[in-house]
Every structure is written in structure tokens, then in C-alpha cells.
Amino acid sequence: MAIIQLGSTCVAQWSIRPQFAVRAYYPSRIESTRHQNSSSQVNCLGASKSSMFSHGSLPFLSMTGMSRNMHPPRRGSRFTVRADADYYSVLGVSKNATKAEIKSAYRKLARNYHPDVNKDPGAEEKFKEISNAYEVLSDDEKKSLYDRYGEAGLKGAAGFGNGDFSNPFDLFDSLFEGFGGGMGRGSRSRAVDGQDEYYTLILNFKEAVFGMEKEIEISRLESCGTCEGSGAKPGTKPTKCTTCGGQGQVVSAARTPLGVFQQVMTCSSCNGTGEISTPCGTCSGDGRVRKTKRISLKVPAGVDSGSRLRVRGEGNAGKRGGSPGDLFVVIEVIPDPILKRDDTNILYTCKISYIDAILGTTLKVPTVDGTVDLKVPAGTQPSTTLVMAKKGVPVLNKSNMRGDQLVRVQVEIPKRLSKEEKKLIEELADMSKNKTANSTSR
């Protein structure tokens, strides 16, 4: 090991695999430096054995990103320097806290920050930090090393090489067996979200136009009450699948002229769960049973055939802690025999006599709001469309806005006339010819 002084900074370098420790340089604190075969040993005050620094000195800074398998840093390389983690602050306990207090603090924080409960982006990283702190402070040997030398002291601890920590979800499972429906690394990897459920709701024309609140009965898969969703027979515990080693997947290899091809498949022995268990007699190992449930559904005004309403979380239950699916209600509207719908407009066709078309009239027109009087002006031509404003369908999710009702006028021409009617029409025709002739002569 060589000591290189850079201004007020000391850099300790070990052979060809460098590690860095940065701190303020105090020459008076170094007792002696002995050179042996191009490597050096530095003794510092305050340490029980030869080491770089004691935990009681200034904060120890270590270079991150360096591992035993990495090459020495190149010139100009950029490094991230971080301070030692304060495990006591992480758990919110004092340095004199008892094991019971440390455990209680960990349990409380782990529940709050477990990724299956807390969906914040930084929750999982915080959960790992809490687990690492508890792993150190709950172990007498590791806690003693940490109190004396900080994180650097843990790197040399037996079973704790390079500062590695246990999987935080395994640690959680050891203290919270069965908590929250089985959270942890295994259940997280095996969790299966529930599928969506679909329901067809039939409405009449007016119900679709104005909306309504209706109680419906749906059928869906719910968590089995006998096994609490685990799929295992009560009183039994699942064992690791020997086929896939608990991974839930197996790899098959096939040699071809082009090389060896590998394929990852779901383990058929455990169906991807990684565990083998005695199946529950109620749900046959699925963890779910089909049940019916009545829910109140609010249908907004303006829906039409093909509209889909989404009710979150009311679909089929998930497996092994998976999220439930959603309920999709598909609308089907029974057509009205008289009124037709065109988006937000309503179409209606009426017939009037040629006399009414000539002289004008008032009609009784059916609408979704009831029967309304419609004035047909004199001289209305065949196929004229009259507009009844705001008598149409409300705009979906904007019930204060409505379409119109469009009334198409058909003028009926009689095929047969009585003698009197024919005579009057002929007189009318003569009058029309005379009127036309007079206007032309002028």
C-alpha cells in the first residue's frame, strides 16, 4: 500500500487494485510508515489495529463503483464520492437504543416503505436502505464493527465481504411472515394481476339519453376465504419447487445447425409460482373463487351502444397479492321505433298534407322531453328539415350541452281526388296560369 499526498488529501493505494479513502490530512496523527516490498503500512492513532482511520475521526469517505474485478481508473475518470450511511438516523433511533427499539423502528418503517404498499418511485430504494440498517444494527458483531469503524469496518466482517447485504425482501419475510397477503421478493415475482371482467348493460333509448343510476349484479373471481388467497390448504406450508429451484421458470436448450437455442418457459410443475403446495379444497389451489356481487352503477347522460364504463378494482381478484382487474360495463341501447339518433342529434320524420304545406300548420312532435308543438310555416317544401334547438342528446360528460332534434317534413300528394277536390284544383290551376300570363305580359 502506498500513501500519496495531494495537498490536504491522502490517497491510499493498494497494489494494482486501487481503493480510495479521502479525508483531511494530519501529519501529527501518523506515527510511522514502514516500507516493505513496494507496499506500505500506515498506523494511525485511535485504532485498535493498523488501519487507515478510526470511526471517531472525521467522516470517512469511500469511493463507490470500485469492485475487485474492475480495472484501475484511467486518467480523467470521474468518480462519485459518498459519505458513510448513518444507520441510526435511517431507523430514527439513538446509538444507545436497545434491540427491541431497533426492531420496532424497523418494523414500522418497513411496513410504510414496502414497495407493495408504497407506490412512490423512491419507496423501494428507501426500503432497501432501512433493511440494510436493520441488518447491521440487529447483529451484535456487525454493530460493534460499525460503531468502531463505520461501513469500512463491515467490509472485512465474516460473511459480509465487500459490504454486501442480504436481500431486503427475504429479511422482511423473516419478520413479517404472512403479512399483507405474502409480500416479499418471492411473492412479488409470482404476483399475478387479476383479469378484467365485462358486463353488458341494456338500456332503453331515454335511459341512454339522460343517464341513470342502476344496481347491477356481476360475477367475478374473489380471494378464497378458506386459504386467504394463497391457494394452499390451511395448516400446510408451500415448499420450493425442485424442478425450477423456486424460480418459476425453466430453460430448455436445443442444438440446431445454426447453434444452440435456449428458451425460457413457465415451469409446468409449479405453474410459475416457484412453490409446490397442498391445494386448498375450496378453490382447488387457484386462491380465488367465483362469487356474485351487487354494485351501484352511475350511467352518465349521452351514452350510446358500444360505450364502455370502467369501474376500477371491481374485476377479478389477482393471485398471490396481485392487483385486482377492472370492471368494464358495455352499453347496449334498445332503438326507439320513432326517434332515431345521429350522434347528439335526434332525427324525426313527419308527414303533412299538401294543403298544410301550402297554408302552414302546427304539429304535435314527440321528443325525449315529451310532446312539443312545432309550427310548420306556410309554403314548406317537401323534404324540408326543421330544427328544434336543444331537444337532442346531452353531450357525454357535458350534460349542460345538448344536440338538436331535426324534423324532416314529407309532403303527401294524394293519388285520388273527389270530383269536388279535382274541380277546385283545376280552378286553382287556371288561376295560376292566368297569374303567370299576366306577369309575363307586363
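Placement of Cβ uses the backbone N, Cα and C atoms for every residue, glycine included.
What Swiss-Prot annotates here:
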- C224, C227, C280, C283: Zn(2+) 1 binding site (BINDING)
- C241, C244, C267, C270: Zn(2+) 2 binding site (BINDING)
- 86-150: domain 'J' (DOMAIN)
- 224-231: repeat 'CXXCXGXG motif' (REPEAT)
- 241-248: repeat 'CXXCXGXG motif' (REPEAT)
- 267-274: repeat 'CXXCXGXG motif' (REPEAT)
- 280-287: repeat 'CXXCXGXG motif' (REPEAT)
- 1-82: transit peptide (TRANSIT)
Please name which of the binding-site residues listed here, C241, C244, C267, C270, is nearest in space to C283 (Zn(2+) 1 binding site), Cα against Cα. C270
Cβ contacts under 8 Å made by the repeat 'CXXCXGXG motif' (280-287) with residues that lie 6+ beyond its boundaries: 221, 223-227, 229-234, 319-320
Using Cβ atoms and a strict cutoff of less than 8 Å, what residues sit near the repeat 'CXXCXGXG motif' (267-274) while being 6 or more residues removed from its termini? 186, 189-190, 238, 240-244, 246-250, 320
Where DSSP helix means H, G or I and strand means E or B, what are the helix, strand and coil counts for the repeat 'CXXCXGXG motif' (280-287)? 0 helix, 0 strand, 8 coil
Cβ density check for C280 (Zn(2+) 1 binding site), other Cβ within 10 Å (all protein chains) comes to 22
Other than C241, C244, C267, C270, which residues of the chain come within 8 Å of the Zn(2+) 2 site, judged by Cβ distance to the Cβ centroid of those residues? T242, T243, G245, G246, Q247, G248, Q249, V250, S268, S269, N271, G272, T273, G274, E275, I276
Taken over the repeat 'CXXCXGXG motif' (241-248), the model's mean pLDDT: 84
Across C227, C244, C267, listed as binding-site residues, the smallest other-CB tally within 10 A is for C267
Taking just the CA atoms, what is the gap between C224 (Zn(2+) 1 binding site) and C241 (Zn(2+) 2 binding site) in Å? 23
Pop the Cα-Cα gap between C280 (Zn(2+) 1 binding site) and C241 (Zn(2+) 2 binding site) into the table, whole Å please. 18
